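Enquirer: I am attaching a structure below and will ask some questions about it afterwards.
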Amino acid sequence: MPSTTSPTTSLPPNSALQNLLNTQTPTPLETTHPAYLHHLAITILQNLQLQHDWTSLTIHTYSPLTSQPLPRPLISGLPPRRAYIHPDEQVAILKAEHSSGETIAQFPEREWVLPTHLEEKWSLARFAEVFDAVDTVPPGSGAEGKDDAQEDGEEIVGGKWQGENRQKRILLATVHDDSTVVYYIMHDGIVKPRQN
């Protein structure tokens with residue numbers, strides 16, 4: 001009895017993610033990084049954008065400091081709210097809020113994001129290589145409203161822990177095979193622990 005299925009069955013249409021991967025993967029002439037690292041970066045970028053409401057997202061393949069290729073593609077972007085507040089800055093903000101009776105506005109800052117996979121093996125030397133290749137603050141514009149506050153001539157409470165004054169940090173984004181993504185803040189060097 002002859003088979004009822006055709007030997008040439010058509011494949012389902014590509015998903016939105018597959019279409020994005022097909023259009024966003026650079027050719028070997030454009031980058032020195034393997035395609036899987038770009039796919040990893042795109043996966044993290046989509047998670048930040050669609051699940052965590054980040055804006056102004058960019059994938060970087062070259063160091064803004066040296067113009068040399070980065071150890072791997074990095075992402076920069078603007079979170080919807082501050083990703084990290086230094087413990088000393090928290091104290092200064094609380095004191096200012098207590099003395100003025102008003103809430104101190106906290107504007108988000110651009111952050112570096114390092115896309116990784118759970119199965120990767122990392123060393124301090126590899127992390128140091130990434131930190132050495134980036135500036136304290138990623139290139140690009142910051143949050144709306146922050147520039148207006150600075151133009152008023154008022155000193156920003158906690159300003160000595162923000163922008164170029166802050167300690168260099170990277171948000172480590174680790175994806176698992178089931179597409180779960182976890183984020184950890186990593187600093188370049190020692191940071192004073194929080195006091196509870």
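Heads up, the Cβ atoms here are built off N, Cα and C, so glycines get one too.
The compositional bias 'Low complexity' annotation in TrEMBL covers 1-15. If you look up TrEMBL, you'll see 16-28 marked as compositional bias 'Polar residues'. Here TrEMBL flags 44-135, 165-196 as domain 'tRNA-splicing endonuclease subunit Sen15'. Positions annotated as region 'Disordered' by TrEMBL: 1-28, 136-160.
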Enquirer: For the domain 'tRNA-splicing endonuclease subunit Sen15' (44-135), DSSP counts of helix, strand and coil?
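Expert: Split into helix, strand and coil, the domain 'tRNA-splicing endonuclease subunit Sen15' (44-135) gives 33 helix, 25 strand, 34 coil.
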Enquirer: Hey, which bits of the same chain come close to the domain 'tRNA-splicing endonuclease subunit Sen15' (165-196), Cβ under 8 Å, at least six residues off its ends?
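Expert: For the domain 'tRNA-splicing endonuclease subunit Sen15' (165-196), the nonlocal Cβ contacts are 40, 43-44, 47-48, 51, 74-75, 83-84, 86-88, 90, 109, 111-119, 127-128, 130-131, 134-137, 159.
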